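Have a look at the structure below before the remarks.
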Amino acid sequence: MPSSTSTSSTLRWLSLVGIIWLQSVNGTNTNFPAYSSQLKSLLSISQLQLNNLAFASDAGKLFGFLAGLAALHFPLWLVLLIGSALGLLGYGLQYLFITGTIASLTYPQIFLLTVVAGNSVCWINTVAYVVAIRNFPAGKLQAAAVGLSSSYQGLSAKIYTVFASAFFFSSEKKNPAEAYLLLGAILPLIVSAVAVPTLNRPGTTQRGGGAAVVAMFTITIATGVYSVVSSLHSVAGGMSPSWSAVGILAFLIAPVVVPAAEKARELIGNCNCKGSSTRIYTINGDMENGVVDVTVEMAGSKEAVVMRMSESLTRGVGKEGDDEATSWEEEVGVWEMVKRVEFWLYFGVYFCGATIGLVYLNNLGQIAESGGEFSASSLVSFSSSCGFFGRLVPSFVDYFLPRSGRSSRWWNQASNAASISALMALMASAFLLLVTTRTPQYHLSLYIATGIIAVSTGAITSIAVSTTTQLFGTTNFSINHNVVVSNIPLGSFAYGYLAAFIYRRSSSAVGGVHGGEGIKCMGVECYWDTFVIWGSLCGFGAVLALVLHCRMTRTKRRKGGGATLSTLSPEAGSSALQYWSEPLIFWLCSGFMWKLEKKRNCYFHAKFYLTTTTS
């Protein structure tokens, strides 16, 4: 018995390492700002046409539901390979065109290839989310797994920038567009092939793993700190690109330590099982009388201890692995989902929040160039590192925040929607900072505002995963969430065109610099009106998020009294003292069971095999 559960634990953490690797190379669309200016010059296109390509990268998400359908009907390894093959096709053909291997590609063909490449992200993303939700029990552990894996997607731009600098930028024959397109084509395919064996479903989905989670968070935070520090000019200037690549690669390999430690623990446990005794706990429930009997017997012995607990203690206790799921959640199909007011509120919140942040980051290359910050790759690398921490923080806080006390009650009452509202208010303040800052301090303000927007966007993206399951359940998550994030290409189109229109108008007003067939706008005024509009929309989205929070709170009270499956039901309020003393009673009874001749009758709740080494 111990061997099988340990093996399952090893496979579970190995699957998390696999999806971490997948997510770390899956943010290929976030690389666009780093080479957009070069692509504009190489293709001799206008700012509006360049904006169309940025929209095309996001437009692939409109077909993300196909990945969700495939995940329901095909094995995950096939879904993963389809996604990586789409990326190879989309970015690979563009690379061959840029290098002159393919004679010519028309602008519509490049647009279509960019859509295909953008859609590949959805397939790999879907696999990563499904594996995390399937292999980890619902609750804090599952939220931690999703948060850890998705945070690495925010690091993709940093990883691609480091590898491009190490392997391509040292050669004068290479340019940023070629480097990023080639890496975007081959890296996801290589990593997918490596990660396929790790996607197996564990035999059981047991609890535990506290030490492993702490180790994963420690490694992840260290990776983020290294990423941020190495992005700074003062540090990056003294570090060679090759050593920077070696450092980030070492941090990406580091999570393997966790499943390796689990495997070592399994081997040690197997050695210690020799000369052991096993106590078997059997639970029999009498639902008519509201009584649960727990029989404890020593393997090979006829002695047994029978304990009985009342129904009041069992109420509110969920199934194994479901202790964090809220009682008011329900499973909703996609057609039922789009009929609900909560969906459209949620859709609008995402449209005015994370989508604006993503569009800002997509235009970061042009924004940096207009503001006089010509090192766009450095700013993109910095924003990627900040987005990494933004995606990580929600799961970190949720996992380590105590589940008792005043702070915990406040945190649980502040739903995901309320958290999103606060983050969107921060984004609005960042745009306000850009609007009110003039040329002398604009460089510093640009970095501060970009950091705030990247952190907030990453956090909202991470919180959105649990919000979707909270609102519409987990059964149809792969389809429902892809429908929710379909607002990204719509927002990319609307906000991108708005930014391009204002950019072109501003370039005429301030006297633009001709470059290729387009005109470059230089000065902080180029995006001033755009920032005002985006900041106002973020403020409006924060209000929508508060409305959604109020509706979710009302639904909680109506359907579940605000209680979770791991808390007392309203009917069990009179047994609160018994409930909170249950953990103490549990351990007292466990101690008494060490010697079978000491029989105690007390309330007890257990279902497991307990093996101890005998002297």
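The backbone N, Cα and C atoms fix where each Cβ goes, and this holds for glycine too.
Since we're looking at a predicted model, the values are computed, not measured.
Here TrEMBL gives transmembrane segment for one range in the set 34-53, 134-153, 294-313, 374-393: that range is 374-393.
Listed stretches 110-132, 414-434, 446-472, 484-503 were compared with the transmembrane segment (343-362); the greatest number of C-beta pairs under 8 angstroms is found for 484-503. Computed over the domain 'NFD4 C-terminal' (330-553), the whole-number mean pLDDT of the model equals 81. The transmembrane segment (414-434) makes no contact with the transmembrane segment (241-261), as judged by fewer than three Cβ pairs under 8 Å among residues 6 or more apart in sequence. Only residues 6 or more beyond the boundaries of the transmembrane segment (446-472), in the same chain, are considered here, and those with a CB under 8 A from a CB of the stretch are 129, 133, 143, 146-147, 150-151, 154, 326, 329-332, 337, 342-343, 346, 350, 353-354, 357-358, 360-361, 364, 367-368, 371, 373, 379, 382-384, 386-395, 415-417, 419-420, 423-424, 426-427, 429-431, 433-434, 480-481, 484-485, 552.
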